[in-house]
Amino acid sequence: NSIVRKRIEISTNENRGQLVVSSDKYSLVDNLFYNLHDYASQSKHNIIIDDGKVEKLLNLICNVLDRNVNELNDSVFLIIKDIEKECKYYVSNVLYRSVGSRKNRGREVEWSSYKYNKEFNKVLDKGIISINNEVLKFISKEREGYIERVESIAVTVKNKILELNNNIAEVLLSIKNKVIVLNKESVVAKVEEINYEVHNKFIKGNGNTNFSNRNLTEIKSILKELNKMEILDNRINKLSTKESDLLKVIKEILDSNLIIEDKQLAIEKTVVEYELTFFRHNMDTHETRNKIIHNIYPKLNKAYTELLANYKLNRYSKIKKSIHLISNKSEGTKSKEMIKLIVVLVILYIGIDKCISYSFYQIINLLTNARDGTSRTNIAINLGFRIIKVLKYIKLDENPSLNALYPINKLKDEISKLDNEGIYWIGDTLLGLITANCDIVVEELKWNSGKDSQLEVRINDKFISNLTVSGINIVQLPMLTEPRKISSDGLYFPYINSDTTNLHLFEGELIKGKYNLRDHTEASEMLYSSINYLNSIKFKINKAMLNFILAEWDNKDSKLFKGYNMLKPILETDSKEIKEEKVSSNSKYTLYSNIISLASLYKDNEFYLPVYVDFRGRVYPLSNYISYQGGDLARSLILFADTKCVLNNSGKECLNVYLANLAGYDKLPWSERLTKVDGIIKEYLESNEISNTKYIEDNIDKISEPFQFISIMYAKLLSISNPKANISNPILFDASCSGIQHIAALTLEKELASNVNLYTDSSNPKEDYPQDFYTYALEKIRDKLINSDITELRDIKLNRKIIKRSVMTIPYNISMAGIGEHLMEHFTVKTVLKYRYVVIPGSATISSKDVYLDYSKYGQLCKIIYFVLTKELPSLRLLSNYFESMIDIFVKLNIPITWVTPSGLKIKYTNIKFKPQKVKTSVLNTSKITTIKLPTDSLDVLSTKRSFMPNFIHSLDASNVHLLLNSVSYKNLPVYTVHDCFASTANNMFKLEKLVKNAFINIYFNDEGYLLKLHKHFVDTIISATDPYLSNGNIENENDIKGLTTERLEYKPLLSSNYVADRISTKADIIKIPDLPAGYKNKNKNINEFVKGILNSKYFIG
């Protein structure tokens, strides 16, 4: 019996025949179980006990004793005693039955074995019946008592109400000396009417309709079903059979009695150990994934053994020879031999088993979460960096003979000197050992362009679904303890065990650099305090939502999962297109499966989500499964923990608006969204009678985030059912076109600001429709198309959905080719009489007929859109021209482009060129010549110009978040951000909105404004690298030199005669410093208007 419960021990005192009762009922059923089996086994009658009846009897006894009712317990104890007594009787006695005849009436024969068995097991049936009868008698008696008590209470309540009504009647009669004829019945009716109105006033929030009692009953029924934990546990148990061994071990740790800190440390060590011994952990089980591993391990082990065999012979004689040869070579000629030696030493020190396990595990992880691409070069370099970190775990005494030959500290020192080519050698050797000896990881030529052909690495389609589920490492798990604070010198070790951080993060760095940037971003105190606060926010899993999701996950016809809740087997006969579709679908299955598995694991634990920062200051959670920056499914499962949020009036309003937003009404005025809520709820309740997903299925075109909609719907229903309920769901409001909001603020262009809801002078903004910049841009594009010289273009009207992606990338230097690619996501290509055409669907044309464009005319369409988006928005054009002029100067002077963000980060934007180089890692005979790209000291001018604007705008976005978190920390609000989206509990959203606005205002409109500060910084940087030049007038050309001065140039930013001379150039090149955009001519007046308009805007976020 595996039932876990409080136990009551009953032992039989055979001498006195008494039952001894203690505090453990499990021992009672244990003793009965063992006694019955002992009786049966000791019997000479071959009694076979019916285990099904025994289990039924024991479960019934446990369930009855759970009630802790003395009267019932006494009855059960006596029944148990009778059962044991009677069973023992059948075992210890020889029994007979009469077989007499007329001649021999007294003849008897002993019972058969069948008869002994039947009577013995019949005792168990009698015991079950007796206990059930006792339970029924008790329940009947208890029910009679309940009825009496309820009737008594009802009489008391009725008398109290009548007494209260009499008092109310007297008060009403005395008001203003009016004579009112009342009786008790009318007063009762009036009181009920008042109560009903008060109740409905709460329920409807800001709506204008009421809910019936049937609605309320239905709401309670929905919530009750969602909160049935036994159903949730059953679904999780079903899911757990598919989990990896790693997740099962983590579950055991989470379910243990360890303190929180020890649990976290145990999980960290378990995951790291699992990665280092991946194969050993998975060799002996029978799951499909592990059968694959079992089959390939011998091949990999043989390959490693053969590689190292020559080096191990005669006490490492070959290594000794290599060391000797290298020591006699000059620095310039020993590099390849040194790298080859390092590769061998790394494998020897780490060991074959750990090298196989860790490299295989990391390759699967890199290919599953391919942020830096899947070229062989990228995978090899990343793998090289990761395997080197494992050396930190190697102790000096682990391999004394090898350490005596080549000390590990000396090896680490040599590794620290390696460039990307050396790191590539290490990673490529390990990758080559796997690709050459198994077909799980395969290579394919991705771009076939002669010498520039590049190998891509991927998981074989046959194995991808079975292997990627295992690719979970420690940084993808939530933390049970609050992440460690960033130290005073900027070191970041969020995990309890420092080695965990070193192995998986960036050597204790908060800011993750970018491979093509020469310089690292310098952090600031504000960044540190912001990250420390964000890391301190505690979360928990939304169990009701998890219950819903698990049920939907098992539904093969789920419209919400769109088929991604089932693995699609990839067949040899599948076409390339079908295989790609299946691989993509299975990838989403793996993502969803991991999210659900981890949510199930952590459902009973509060947790934290540590973050890291990219070079621009943008914040990202380390976990990409349980993450508030994840997709719809992940965000729907997260609640704030440690928050007491009983909805107040502002909370009700924000919850209602967010529900309306998720239902697809986010383009309506704020006030109209509030009126939609009751209708949404009533329609949902009606649909729920058919299916709990029918409402979403019927409104799938409007609801883009169905899981979050369900999550917020349940929160709303809970608040209706229980006004005192704690509603800790994150309410997420996002900025509209935040990149363009930053451009409007930088340039102080009021029209643009108004079109992105940054600014409004409305007297009642809640009644206004939110501005839609996409529609604004679409109208400008349509004006150009209708006046086109090309007949086909005049029939094209496009729509908001088609141009949205292109408009979103306006602040990020959209190209004409980029626009063409974005548009093709909505168009098709057809061949007619050997000519290929782009087909514009009838839904995007005035005539409602398909329009066929040849590629020349399609190019004209793209050109018109590009012209409108880049040239007809004056502020964007002015700002782009200004930055391009500044970048030209920095490039000409060969100095890095630097800026200090409003939150104090110092960013050096130095995109460098890479040169291709052919490399063959000679450690393996099977290694191939591969072209890798190595960094140079030269700046990549084209890349810098193209990518400066998006990275600059993102750094401002990030600063807004840093300033917000800094101010939020003083108010101790629960909060998270998704770059330009902001979340808190419903009651705190208006406070958060104000703080977001204040942070934005502090960036652009306090003191002299950020663009002027940035301009001065640019000028100071330029002046420090040049000689000042003073001119008596305007310079017509570079030869018009009036004189140089050694005095520092005092730059006057609003004048147009500021020049410097390039001190490095052989000819005295004169450089004009560009002016600020035009909006700054009336800066002070514009700033005051902007601040007032921002504070007045209802849709800045929301």
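Note that Cβ sites are derived from N, Cα and C of the backbone, with glycine treated the same way.
Annotated active site per Swiss-Prot: D734, K804, D980, in sequence order.
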D980 (active site) and D734 (active site), distance between Cα atoms, whole Å: 6
Candidate with sparsest Cβ neighbourhood (10 Å radius) among D734, D980, the listed active-site residues: D734
Helix, strand or coil at D734 (active site) [DSSP, three-state]: strand
Inter-residue C-alpha distance, K804 (active site) and D980 (active site) (nearest angstrom): 17
Secondary structure at K804 (active site), reduced by DSSP to three states: helix
Other C-beta atoms that fall within 10 angstroms of the C-beta of K804 (active site): 15
In three-state DSSP terms, the structure that D980 (active site) belongs to: coil
